[in-house]
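The structure appears below as structure tokens.
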Ligand SMILES: CC(=O)N[C@@H](CCC[C@H](N)C(=O)O)C(=O)O
């Protein structure tokens, strides 16, 4: 087993939620201490880390970002190295992302190129978002990369494949939290109450009409309500209900339109069900938009000079706060094939570890070429 597969397995056992990645940060820092000190400059920010790998004759700074947080999921893979944290799991592949980043970083510690490299270990990608605040740090102002790249595992593609496209890769996202307050009471006297379970069910159905009736069919958007909380027992009419979800759109303009329509529908629920409602749009992520020239060059390089197959994919409704970095810095993100039967955010996600060394090798070849231009 390669040492970076072992690192992935170690990290897989200690998933932590956004801005609580203390063990993860400590693990990465401990690993970095095993590398020659004079080759690195390390700066900590919250639970994240910036690592500069020095070049021989730097003309530019090449950035590489990995996210480091896990998800609130109870793991069901049955793997020998399963999560030691009962209620958290690396179910979005950030353990893979980190081990690939460390493998790439290690290569350039021992095989320097001309340019400097900046590795960013970013907390809280799953929320509330670490990329935007990291960009605003003095560290990043001093170490602003000239270009940047990142990857995301893709369970649906085989190992040895990457999928990418110029322009929009991932959607604009916004969280969505709606609280409803009516009047509870005895299950036998509904006429004396304002039942918030009925209001919530109606609201969920009405929200889907925003997609089917307000968004241009040639555009695309998603509203998913992933969680509803309401009620106490079977014979009490619920006074409160809370809906938790997410909105995805292919443009910033569509996001504004969808939000406006949601506000109008929620106002209608207040009148129709004689209740009070509060909407919180939570955290928003800017779209992941791949810079055309660098993306095309990367695709051509990988197709010609490595044994990895490049697929030009469609955009996806996933969100990624790496979008904020790409808004400021030219670069790209790509999907890395890891062929898992279960998908992202699933308790049985089990990516194929062969993808780790394949990715390190491919990324090292590309960075070596870019960093010696
Ligand atoms: C790659 C991926 O799965 N990213 C997450 C980002 C979540 C953003 C935010 N918490 C939201 O739910 O809107 C995704 O769910 O796409």
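Think of each number as a place in line: the chain as shown, counted from 1.
For all residues, glycine too, the Cβ spot is worked out from N, Cα and C.
Every protein chain considered, the tally of other Cβ atoms within 10 Å of the Cβ of residue 67 (active site) stands at 28. Taken from TrEMBL, the feature active site covers 67.
For residue 92 (Mn(2+) binding site), the same-chain residues 6+ apart in sequence whose C-beta sits under 8 angstroms from its C-beta are 70, 71, 125, 126, 153, 344, 345, 349. Secondary structure from DSSP puts residue 92 (Mn(2+) binding site) in coil. Under the heading Mn(2+) binding site, TrEMBL lists 92, 94, 126, 152, 345.
Residues annotated as active site, proton acceptor in TrEMBL: 126. Residue environment of residue 126 (Mn(2+) binding site) contains 21 other Cβ atoms, counted within 10 Å of its Cβ in all protein chains.
TrEMBL lists 178-267 with the feature domain 'Peptidase M20 dimerisation'.
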By a 10 Å Cβ neighbour count, the lowest-scoring of the binding-site residues 152, 345 is 345
CB < 6 Å to ligand 1, subset of recorded positions 67, 92, 94, seq order -> 92
DSSP assigns the residues of the domain 'Peptidase M20 dimerisation' (178-267) as 38 helix, 30 strand, 22 coil
Nearest-integer angstrom distance between the alpha carbons (Cα) of residue 94 (Mn(2+) binding site) and residue 67 (active site): 6
Between residue 67 (active site) and residue 152 (Mn(2+) binding site), how far is it from one CA atom to the other, in Å? 9
One finds that other Cβ atoms within 10 Å of the Cβ of residue 94 (Mn(2+) binding site) number exactly 27
